[in-house]
Every structure is written in C-alpha cells, then in structure tokens.
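*Asks:* Below: one structure in structure tokens.
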C-alpha cells in the first residue's frame, strides 16, 4: 500500500532534516509553501536564522489549478527527478541538484536557489542577464546531445526511451499545444474581444495541417531526453548563473521542441513588452530579446556540432556534414513548435505573466493578438524560415 500523503510544512521540515544533506539538520526549523505552478507543492525550508536552505517538492495527484476533477499520475515525480539527475550529469552548472527522491511519496529534496531569480520575472521587469541566453543554449546542447543517438549506444538509447516514457504528461502537452487552441474547448481561456482571431485559428486548414505535422513529430521522434517544458518560468538566473528546474514533462522527443519552447517564451516576452514598459521604452528591450534568441540558437548549434565532431559514436552519424544537416531539421521543428507555444499561451489554459499582467485591457488584447498572429505565421512558414536571422526578420515584419 502506498504511503503517499499530502505534505504539510511540518512534514517538509522533517523530511529536509533527513535528506537535505545539511551538516546540522536540527538547524532546519520551519517551512513555507511557495508553489505558484499548476501541478505541485513546493516548500522552502528555513534554518533558525530564517535563511532558506533546501527545497522540498511534492507532486499532487491532480492538476492544482483545476482541482481533483483532473487527476494526474504521481509517477511524474519519478520522471522529473530522473530527468533532472540525467541532465545534471551532463550539465551540472545549469541544472538544479537533486539531493533525494522518494517515488512512493512523490517527493524530492533539491538545492535551494534563493540567490537566483525566476527568469520570467526578471524579463518582465526589464532586468537583463547578458549571459543567460548563451547559458541556456549550452545547457540544451549538452543535455540533448548526450541523450541522443549521436552519443548513446542504440541499446542504451532504447532502454532510456522506455525508462522515460511519460504518456500522462505528454497527453497534457498534446492537448494544450496541438488540440485545444484549434477547437472549441472548455479549457481555452481568452478575452471575448479576441473571438474573431481565435475562430480564425479553428477555420484555417493550412494552419491545422501544419499543427498536425508538429503533433506527429512530437509523437514519433524520440531524438533526445527533453526537459519538456523549458520556459522562462522554469529557469532560475543570477549574475553569471542559470539553472533549469521543473522537468516533470521530461521524455524522449524531438530536439526542436525544447528549442522552440524556449524561443517561444522569449517571443512572448517580446510581444508583451509594449504593455509592460510602454511603446517607447520597449524598443530597446525588444532588441535585447531578439539578441537573446540569436545567442540561444547560435550557442546551441555551435556547441552541438562541436560535441558531435568530438563524441559521435555511430560511424554513419559521424560522417562529415551530417550533424549540420540534422540541425537544419531541428531548426525547422523549433520554428514550428515556437509558433505553437505562442498560440497556446495566448488562447489556451496556461498563459504567461509577460502578457497577462498588463494592466491596460486594450494593450493586453493587442499583445495577445500579436502573439497569435506571429505564432500562426511561424507554424505555417516554418519550412521556409531557414535561419535564425530569417526568423528575426519575420518577427520584425510582424511587429
């Protein structure tokens, strides 16, 4: 019988005392629940001086923002912990460290990152971290290369694909990215003023064919162990540092999905900046976002190709020029998935603060409309946008 029970703050303290690796566990005396996501309880555990020393995270058996009417598997906690452990192995400087995991309690203890800030909040506040995009590109190159066919023996790769099978969480992604925004659904969430724009998504045959192709690639292309939800709210930043967290959507899928989701969130910030900062002040920040996108992709591509040249184990995949050709396909996928992220965050269940916190209704609606229009263009034109420079030109065109 499972010993699962929902943690209280007292439980979190007792658990951290046992598993957080603190030299003097009795110094841990209090906890505060700080989770602002949709799926989990998250506790900060404090010492006697009020300093946060560890994080205790527990999966809930339902979607928190909906309630018990939307049940979820607790096995996602195992998948998150194992994904983060695997990613830490390949990119320790950019992945949160897991101290302990218990599959029956669906709980993990991880390093405290109180000296970092959530990147999304910093982007909204126009606090610039010039190294962040390059570090994110390096993280993605390291973890995606080292869990791909370029590096893993075929037997090991197939074993890992089975280990990280994540059907319940993938189903959520499939619905929120590729189904809900293109049909009338109770989970969709958008202002009535955008009804005409959203109805146009449902009626666009060319768009829906392109979305179907993206969904099929999400199903069928087990290229590497993805983070699965790598957006600016699942990344912590500090001066000179970046750490990825929240990997419960981890599974083996198309590399372009992680790249596209990351770029998509930078573009969501781009779309929201006029409402956050005012049109005049937003101009420079928007150029920074475009520069971030350029740095993210070029760092990822250069690092991935360098790793491929040095470490590819398969003789056929090591043939000169193949890694470069492979990345062209990854790029096309990334552009399409980027567009789907823009649309689902504008009309679907889960929005982003970059736009939702804009106070002026008319401006907020215009920023949402911009994201929808841009997302649609990127999905439909993905195969023709053949470089990051071409992507940035398209973004400027739709501004």
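Note that Cβ sites are derived from N, Cα and C of the backbone, with glycine treated the same way.
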*Asks:* Which one of 40, 265 goes with 57, 111, 112, 113, 246, 247, 248 at the ATP site, as Swiss-Prot has it?
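*Replies:* When Swiss-Prot describes the ATP site, the candidate it includes is 40.
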*Asks:* Out of 113, 247, which of the binding-site residues is least crowded by other Cβ atoms within 10 Å?
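*Replies:* Across 113, 247, these binding-site residues, the one with fewest Cβ atoms within 10 Å is 113.
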*Asks:* Within 10 Å of each Cβ, count the other Cβ atoms and name the one among the binding-site residues 111, 112, 246, 248 with the highest count.
*Replies:* 248
*Asks:* Cα distance, residue 229 (substrate binding site) to residue 248 (ATP binding site), nearest Å?
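*Replies:* With distance taken Cα to Cα, residue 229 (substrate binding site) is 8 Å from residue 248 (ATP binding site).
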*Asks:* Let me make sure I understand the structure: which of the binding-site residues listed (57, 344) has the fewest other Cβ atoms within 10 A of its Cβ?
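*Replies:* Taking 57, 344 as the binding-site residues, the minimal 10 Å Cβ count falls on 344.
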